[in-house]
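Positions annotated as transmembrane segment by TrEMBL: 35-57, 105-129, 135-160, 172-193, 205-224, 245-266, 272-294.
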Amino acid sequence: CDSDWSGPTGERIVSDCCWGRSKALVSSFGTFHSLLVFACGSLASLILKSIFLYSIYQTHESLHYKRKLSWIDSDSFKSHLFTSISLPTEEKRGVFATYYNQKTFIAAIGMTLFYKTVMGFDNLAVGYAKSSSDISIFTIGVLRSYGSLAGMLGVISYSLIEKRVGLINAGFVGLIIQQVFSLIAVSTIWISGSPFFEKNSEEGHSVFLFLTAIATARYGLWCLDLTITHSMQIHIPETERNTVFGFHMSLCQAFSVPKELLVIVFPEPSQFYLYILSSYLCVTVGQLLFCIYARNIRSQ
């Protein structure tokens, strides 16, 4: 169960949830029974996914479009091609130029900054919790599962919020929630039990609050994440989506590398506050870029 980004929005939530459940199951029932549960769950998930995809394909005629085109005569096909598909008339641009010239460029860059953070309940946060407190693996697994649940609720809530208050306002809802709980996570640096001030303390009050805060912040993170992704899908021309989204995901992965490198420079748990502060700075700058994008969109 890898917690790294591996696909479309939502897969990372499922992956994180898998990690949290695995820790809890292994601690309670042992490795063999835990693997058996996940094997059965994976098989059931694969079957359900196949059923749902087949059902969607059968109930949406537009998905049969390419198959039907093969039965159209060449003259009719050419007529349909030039009246229904907008072919690019501009000269071909480089990958970055294509990415840069999109209306959503500022918001997309803001989204990449969300990857330069340890407040996403990744392995660095887990390592910090274990090395600087007496919190059990089971508790960490439960908290990470809670974070995954908060992310799922954010995804579900987004569709409801977006319909009621609009796309951009849905993003602001997520932004506010993420910012509030990110501030709580930052405040744990000065709370009793923080390894920054009490190197020999293992009470875990500061660390537990930190993990709870970043887990809850995932609700807002996914609301904002989906808002930006949805905006990109709306504004990016269909002929450029593969190029833009491919480059965008590569950029997101690139921004996740620096936080791993910082471990080499600052390996001590008492120095983890540097990760927290730098992460909060990146998250806040990313949110500010989204605000600039929202202002530009509303002014057009």
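Going from the start of the chain as shown, residues are counted 1 onward.
Heads up, the Cβ atoms here are built off N, Cα and C, so glycines get one too.
Curation plays no part in TrEMBL annotations; they are all automatic predictions.
For the transmembrane segment (272-294), the list of distant contacts is 104, 106-107, 109-114, 116-119, 124, 128, 132, 168, 171-172, 175, 178-179, 182-183, 185-186, 188-189, 194-196, 210, 224, 227-228, 231, 259, 262, 266: same-chain residues at least six beyond its ends, Cβ to Cβ under 8 Å. The transmembrane segment (205-224) is in contact with the transmembrane segment (105-129), judged by 3+ CB-CB distances under 8 Å for residue pairs 6 or more apart in sequence. Sequence-remote contacts of a segment are chain residues at least 6 beyond its ends whose Cβ falls under 8 Å from one of its Cβ atoms, and for the transmembrane segment (245-266) they are 4-5, 95-96, 98-99, 108, 111-113, 115-118, 124, 232, 236, 272, 274-275, 278-279. Away from its own ends, the transmembrane segment (172-193) comes close to residues 119, 133, 154, 158, 161, 165, 201, 203-207, 209-210, 213-214, 216-217, 219-227, 273, 276-277, 280, 283-284, 287, 290-291, 294 of its chain (Cβ-Cβ under 8 Å, at least six residues beyond either end).
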